[in-house]
């Protein structure tokens, strides 16, 4: 236990030291000046390949690749993961949630450090079939987040399934690996076909995804053990989530990437806090699993009908409470605040909202250097933390009370 506490302290101190050092040495700008011209040149040189692929334009391909992009998007995973928790596969669900948060943070960090452009449209035809895709198009290009996330999550899912004795057959392993490769290949091709990414973005997403997956497969058992039985889990997770918000790099121009990270950072914290409190009641390895006599399909449908409205209500209430509490707390502590969208009467004088939302490292860490803190970041974090907590704590408690 003492070694774990020391490891926690060293981790937090290391992040604080990185924030200070990166700000003092202008690490982000130096890395950007090195990588951005190289990536931008490859994006431009890759345009003929994109146009060649888009010559095969067809309504079926538009629908296929747009659908695949939705299926592997962050909003889809956010909607799918609660169902995985309620199906009895708690270990898989919490690992995929944390892995998703890890991928989202690192991928968006690289995007905003490099700040490389997406393929120019026109001449490239860009297809954004959903609001989520329109928001994605506002982010920088390298790496392809869809490719990165697909590599990590499909790879981890394959690893999880192959850990069961009934799937040890070599032919099953080969089929699973081929299926994962096919899905990753289709996602990468689809991002190019849709005009969202160039080839260099997809290759970067694939490379970074494989590196993250290899790292996660090395540490996932230690992470899971810490979450379910380690000391100071909730307080450490809260401190880590706060520091990671401040450690996020400043992009060349504001993008939605920081907002996405703040939301999923809140999800990760809510899951960890809830699991740590209720593991032995609702999330241990002996809980009923779907497709068994203990958890039938009708029962699982009942769980969805009860659980989904509940977490949406909690999300709404968490946002409303955060909008009321955070401004009061900030004013009490003397912290100057602004709101870019959630609280209109706070969107007044001072810096422009985009400058506030993604200010520099030290300005984020110390709020008093003439920079108002964007309270929307805290609201978004608490909103999604409340939603995630309800998925693993409140809703399973309701299932227990109504015998679902």
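Cβ atoms here come from the backbone N, Cα and C positions, even for glycine.
Note that TrEMBL annotation is computational and uncurated.
When TrEMBL is compared with the stretches 225-248, 249-272, 321-344, 345-368, the one noted as transmembrane segment is 225-248. Of the given residue ranges 63-86, 87-110, TrEMBL assigns the label transmembrane segment to 63-86. Across the domain 'Phosphatidic acid phosphatase type 2/haloperoxidase' (93-217), the DSSP tally of helix, strand and coil residues reads 92 helix, 0 strand, 33 coil. Of the candidate ranges 6-27, 63-86, 225-248, 291-314, 63-86 contributes the most Cβ pairs within a distance under 8 Å of the transmembrane segment (170-192). Averaged across the domain 'Phosphatidic acid phosphatase type 2/haloperoxidase' (93-217), the predicted model reaches a pLDDT of 88. Residues of the same chain lying 6 or more positions beyond the ends of the transmembrane segment (225-248) and with a Cβ under 8 Å from any Cβ of it are 1, 4-5, 8, 11-12, 15-16, 18-19, 22, 94, 105, 108-109, 112, 258, 261-262, 265-266, 268-269, 272-273, 275-277, 279, 283, 358, 361, 364-365, 377, 381. Residues 92-94, 96-97, 100, 104, 127, 129-130, 132-133, 136, 145-146, 149-150, 153, 186-187, 189-191, 193-194, 196, 260, 264, 267, 283, 300, 303-304, 307-308, 311, 391-392, 395-396, 399 of the same chain lie 6+ residues outside the transmembrane segment (63-86) yet bring a C-beta within less than 8 angstroms of a C-beta in it.
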